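Novice: One structure, as structure tokens, below. Some questions next.
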Amino acid sequence: METFGKRYHPPGTPPGTLSRHGTGGVTRIRLFEYDDTQFTETPAPTPAQCQKAAHNTQADWLDVTGVHDPTAINALGETFGLHPLALEDILNSGQRPKVDFHGQYTFLILNLPHLVDDEITLEQVSLFVGDGHLLSFCSGDGTAFEPIRARLRQGFGRIRTRGVNYLLYTLMDVVIDCAFPVLEELGERIETLEEQVLENPDQAMLNTLHQLKRDLLLLRRALWPQREVISRLIQHDGELVNAEMRPYFGDCYDHAVQVIDLIETYREMLSGMLDIYLSSVSNRMNDIMRVLTIVGTIFIPLTFIVGVYGMNFEHMPELKWHNGYFGVWGIMIALAVAMLAAFKWRKWL
């Protein structure tokens, strides 16, 4: 997961300049027009069909995935009257989540996290809603919204009877809830790591711990502002979040708070685990130093004895003793055993 994305125009670039940063890809556009009795899906709408949808009375959802074509994005912006600066934010993924109120429509940017090959990936979701229209732009393939598309096609639930306000809620709910599987996976890794830290801490474990801290930091940076976005949306005066829809968006806000709480909890757990790891390593080093110190202490008197009888004086009576060699060994062994017993008694061993 990229820590700090470099997706910005060079200094001096005119505002509203549309250019795609990063690798190329396919831009896919789908148009959903519906009400409580009718439903139409157009897989690849023409400019004329988009123009017609922009002026009809039915609720419609223009679903754009893979925002890699600045020309197509600009054409949609002109058709639906979207601000060039908002279009620039769509193409420059990695934006901070926000909500802007532009007269007839509301513009939101959210981050959708998911796991790809055990790596956390962020997908930017940009939403325009107003005048019975909802336009969504996903920087990725938008597979997270497939259940919403299926519900529209099959007419399940209240989604085709509530208009774009309810559709906005369902899309935002999906974006917020996609964080839970990611956090669940991180939580399992943290629990496994916690057991290993207590049993056998090593350098590889420290690397894993730092990687998890980095992932949570990036998730916090990407998801923390979404709580503020939903709060501003609820508090804004307008028909988008009316009395009927307020409980739904309130539930979405609660989920965003739960996500932040989980992130903060996991970060605190990792900080505690890092302290435990450092303490374990320090204790292990202390144990090693204690053993080495005890061994060195035992050899101090033994070295003294050997040194005394290793002096090259001509007259040393003990050197003439018949059992002197065995006597020295006996003294040294007795000293070593006595010192070990003393250390054991003092609980230094």
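Cβ atoms here come from the backbone N, Cα and C positions, even for glycine.
For reference, TrEMBL lists these features for the protein:
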REGION    1-23  region 'Disordered'
TRANSMEM  291-312  transmembrane segment
TRANSMEM  324-343  transmembrane segment
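Tell me about the setting of these features in this model.
Specialist: Residues of the same chain lying 6 or more positions beyond the ends of the transmembrane segment (291-312) and with a Cβ under 8 Å from any Cβ of it are 318-319, 328, 331-332, 335-336, 339-340, 343, 348-349.
Counting residues 6+ beyond its ends, the transmembrane segment (324-343) has Cβ neighbours under 8 Å at 294, 297-298, 301-302, 305-306, 309, 318, 349 in the same chain.
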